[in-house]
Amino acid sequence: MYLQLLKSLNRVHPRAWDFIQLSRMDRPIGIYLLLWPTLTAVWIAGLGSPTLANVLIFGLGVVLMRAAGCCINDFADRKVDGHVKRTADRPLASGRVKPREALALFGILVAVSFLLVLCTNSKTVWLSFGAVALAFCYPFMKRYTYYPQVVLGAAYSWGIPMAFTAAGGELPASAWLLYIANLLWTVGYDTYYAMVDRDDDLKIGVKSTAILFGESDRMIILTLQMLSLGCLLLAGSRFELGGWFHLGLLGAALCFAWEYWSTRKLDRESCFKAFLHNHWAGLLVFMGVVLDYALR
């Protein structure tokens with residue numbers, strides 16, 4: 001239904017589908033992975049009763065900035081995507097979209113996102129510049145460091161401190177526990193994603209944590225996931241979250257255990273499924289927070 005709706009936009013403009021694919025709107029998994037931890041922070045910052053304005057601002061902001069990040073990512077990778085089986089048909093790599101068009105769409109999406117942030121307060125506006133900088137820098141990191149997933153984690157977690165400043169103008173130290181938890185989680189699931197392309201990346205000289213971790217990849221991912229849950233548990237104590245939140249963490253832990261088991265053969269398909277599966281862990285943590293506040 002969702003994809004059919006997007007494809008129907010081709011009736012409005014014959015190239016609409018090219019730009020939908022460029023911004024990955026046809027693949028919402030990235031939206032989910034960014035949305036759940038951001039909304040978790042919005043709920044905690046709002047003490048379980050966030051304003052509708054903040055929910056809409058951060059919800060729409062997630063969609064727009066994730067799309068912007070995909071545009072600049074494909075711009076940065078336009079010369080290497082054609083050499084990777086999974087990405088060879090992307091709009092820029094295949095020539096369906098020009099580099100300047102990708103940059104233009106990136107600029108438009110960032111500008112609209114900034115208009116949303118202007119509806120908050122000055123602290124949140126200033127923090128938003130960090131979000132744009134991280135989104136822009138991430139795609140280029142894989143050329144220079146084996147830790148591009150850490151930069152992605154920093155970018156995907158930036159909405160967390162913004163959610164707190166938007167809610168009350170203050171940024172408590174405990175909010176950074178949520179930030180660190182999400183950064184660790186992101187490095188873990190994006191390493192699964194990088195494992196899908198590891199053989200191709202080795203041939204073309206692209207760096208990633210999947211290459212860095214080598215044969216220890218799955219164990220390191222599981223360790224990162226457990227550390228993430230530990231940070232969430234500590235943050236939950238600071239924010240006085242109880243049983244439902246802990247149940248959400250247990251559900252996430254079971255998700256992580258399944259991912260570790262399911263990738264034991266290290267084939268591309270199972271690694272990609274493990275990456276996709278992570279959004280359920282994020283959703284369970286978010287639902288645990290929502291229910292913990294709602295059922296007090």
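Backbone N, Cα and C atoms are what each Cβ position is placed from, and that goes for glycine too.
Note that this is a predicted model, so its numbers are computed, not measured.
Positions annotated as transmembrane segment by Swiss-Prot: 28-48 (among others).
Look at Swiss-Prot and you will find 52-72 (among others) tagged as transmembrane segment. A Cβ distance under 8 Å defines the sequence-distant neighbours of the transmembrane segment (52-72), meaning residues of its chain 6+ beyond its ends; these are 22-25, 30-31, 34-35, 38-39, 42, 46, 102-103, 105-106, 109-110, 112-113, 116-117, 119-120, 131, 135-136, 138-139, 155, 159, 162-163, 166-167.
Among residues of the same chain six or more beyond the transmembrane segment (102-122), those with a C-beta under 8 A of the stretch's C-beta atoms are 19, 22-23, 53-54, 57, 60-61, 64-65, 67-68, 71-72, 74-75, 78, 91-92, 128, 132, 135, 162, 165-166, 169. Swiss-Prot lists 102-122 (among others) with the feature transmembrane segment.
According to Swiss-Prot, the transmembrane segment annotation covers 145-167 (among others). When Cβ-Cβ distances below 8 Å are used as the criterion, the transmembrane segment (145-167) is approached by residues 33-34, 37-38, 41-42, 45-46, 50-51, 54, 57-58, 61-62, 69, 117, 120-121, 123-124, 127-128, 130-131, 134-135, 137-138, 175-176, 178-180, 182-187, 190-191, 194, 207-209, 211-212 of the same chain, each at least six residues removed from its ends.
For the transmembrane segment (174-196), the list of distant contacts is 33, 37, 40-41, 44-45, 86, 149-150, 152-154, 156-157, 160-161, 164, 208-211, 213, 217, 220-222, 224-225, 227-229, 231-232, 234-235, 238-239, 256, 259, 263, 266, 268, 271-272, 274-275, 278, 281-282: same-chain residues at least six beyond its ends, Cβ to Cβ under 8 Å. Marked as transmembrane segment by Swiss-Prot: 174-196 (among others).
Remote same-chain residues near the transmembrane segment (219-239) are listed as 44, 174, 177-178, 180-182, 184-185, 187-189, 191-192, 209, 213, 245-246, 249, 252-253, 256, 259-260, 285 (criterion: CB distance under 8 Å, separation of at least six residues from the stretch ends). Here Swiss-Prot flags 219-239 (among others) as transmembrane segment, drawing on sequence analysis.
With a threshold of 8 Å between CB atoms, the same-chain residues lying at least 6 positions outside the transmembrane segment (241-261) that come near it are 44, 188, 192, 218, 221-222, 225-226, 229, 232-233, 274, 277-278, 280-282, 284-289, 291-292, 295. As annotated by Swiss-Prot, transmembrane segment applies to 241-261 (among others), with the evidence given as sequence analysis.
The transmembrane segment annotation in Swiss-Prot covers 275-295 (among others) and rests on sequence analysis. Within the chain carrying the transmembrane segment (275-295), a Cβ under 8 angstroms from the stretch's Cβ atoms is held by residues 29, 32-33, 35-37, 39-40, 43-44, 47-49, 185, 188-190, 192-193, 196, 232, 241-249, 251-252, 255-256, 258-259, 262, all 6 or more beyond its ends.
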